[in-house]
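As recorded in TrEMBL:
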- His199: active site, proton acceptor (ACT_SITE)
- Gly31, Ala32, Ala33, Gly34, Gly35, Ile36, Gly37, Asp57, Asn116, Ile139, Ser140, Asn141, Met250: NAD(+) binding site (BINDING)
- Arg103, Arg109, Asn141, Arg175: substrate binding site (BINDING)
- 26-167: domain 'Lactate/malate dehydrogenase N-terminal' (DOMAIN)
- 169-336: domain 'Lactate/malate dehydrogenase C-terminal' (DOMAIN)
Amino acid sequence: MFTRSVARSSSTLARGFASSARSNRKVAVLGAAGGIGQPMSLLLKTDPLVTGLSLYDIRGAPGVAADISHVNTHSEVKGYEKDDIKAALTGAEVVIIPAGVPRKPGMTRDDLFNTNASIVRDLAEAVAEHCPKAYIGIISNPVNSTVPIFAEVLKKKGVFDEKRLFGVTTLDVVRASRFLGEIKGSDPKDIKVTVVGGHSGATIVPLLSQTSQGKDVTGEAYKALVNRIQFGGDEVVKAKAGTGSATLSMGYAGARFANSLIRALNGESGVVEPTFVKSPLYESEGVEYFATNIELGTEGVKKINPIGSISAEEEELLKACLPDLAKNIKKGVEFVNNA
């Protein structure tokens, strides 16, 4: 629960985001009334780089907008529902999409495919029509498949730009730094773990050997840490006992990614975030999309960084990742093209 100190802390929340040269940036959140959408929208309201916030959902978004519009920061907030998606998207420069059903106990991300695939396809068609030049961040699971779905729709509409489409995998990096920090007794903000691959289970490959705090984690401790990073979402689903999935931490991760993207669009150099994008790194193995550290720029993707030197254990993780990831991507592509 918020306390009476919340008013005094609102400026502190805003300072939690990195800032850059100011520019008017309208951000649309599709799925804003959901478990991820609400906390992420609140965090975006506290981001000084967001000057316009457009919240859309099938129902409930106007209420969310009215609520967070009272937060005393600069941005304007409007809410839209049902058939108002054109108004929600018109003029949007950044679109973050957490829409879809959450995971429940026993469900995998693949179990979500049939429902969320249709939602993402329909939203992609709306984006293609109403804001085709926007930068798109996909949170809707399974990201390994929903990003290809979005891309195939944009291709059919003739507006696909591979530099402007991102799968938001930031939560994997957030978890990795937090979990490693717990083991080492270190502040997670001082720990940066590169996580590559995809955004589900064995497709998540943490490169612990590349960070000073992680390279000496070995044996059973290493296996347990990797498993927790890969299946951290299951931990939350189980703890919530059927009432939800990792919504709050994902809301945080989504807001962090949006802030990084806007900083780069505003001209800040050296902005690097992990994200799932169209990539040549493993394209020869049927993996057209791959998450790695991406340098962001004024046009979106500026540089796709290679994964670098990795350990023998990480080679095995990557070997397990690639076939699964290729299947996930193919499933998304076929959903659109075989419809």
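Heads up, residue numbers simply count up from 1 along the chain you see.
Just so you know, glycine gets a Cβ as well, placed from its N, Cα and C.
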Which one of the binding-site residues (Arg103, Arg175) has its C-beta surrounded by the most other C-beta atoms within 10 angstroms?
Arg175
Please count the residues of the domain 'Lactate/malate dehydrogenase N-terminal' (26-167) that DSSP assigns to helix (H, G, I), strand (E, B) and coil.
60 helix, 28 strand, 54 coil
Most Cβ neighbours within 10 Å, among the binding-site residues Gly31, Gly35, goes to Gly31
Go through the binding-site residues Gly31, Ala33, Gly35, Gly37 and tell me which ones have a CA within 10 A of the CA of Asn141 (substrate binding site).
none
Could you work out which of the binding-site residues (Asn116, Ser140, Asn141) has its C-beta surrounded by the smallest number of other C-beta atoms within 10 A?
Asn116
Nearest by CA distance to Gly37 (NAD(+) binding site): which of the recorded positions is it, out of Arg103, Arg175, His199?
Arg103
Only counting partners 6 or more residues apart, tell me which same-chain residues put their Cβ under 8 Å from the Cβ of Ala33 (NAD(+) binding site).
Leu55, Asp57, Ile58, Arg59, Gly60, Ala61, Gly63, Val64
Taking the Cα atoms as reference points, how far is Asn116 (NAD(+) binding site) from the residue listed as 'active site, proton acceptor' in Å?
15
Could you state, as a whole number of Å, the largest distance between Cα atoms of any two of Gly31, Ala32, Ala33, Gly34, Gly35, Ile36, Gly37, Asp57, Asn116, Ile139, Ser140, Asn141, Met250, the listed NAD(+) binders?
18
My understanding is the cutoff is Cβ-Cβ under 8 Å with a sequence separation of 6 or more in the same chain; which residues meet that for Met250 (NAD(+) binding site)?
Ile36, Met40, Pro98, Ile139, Leu171
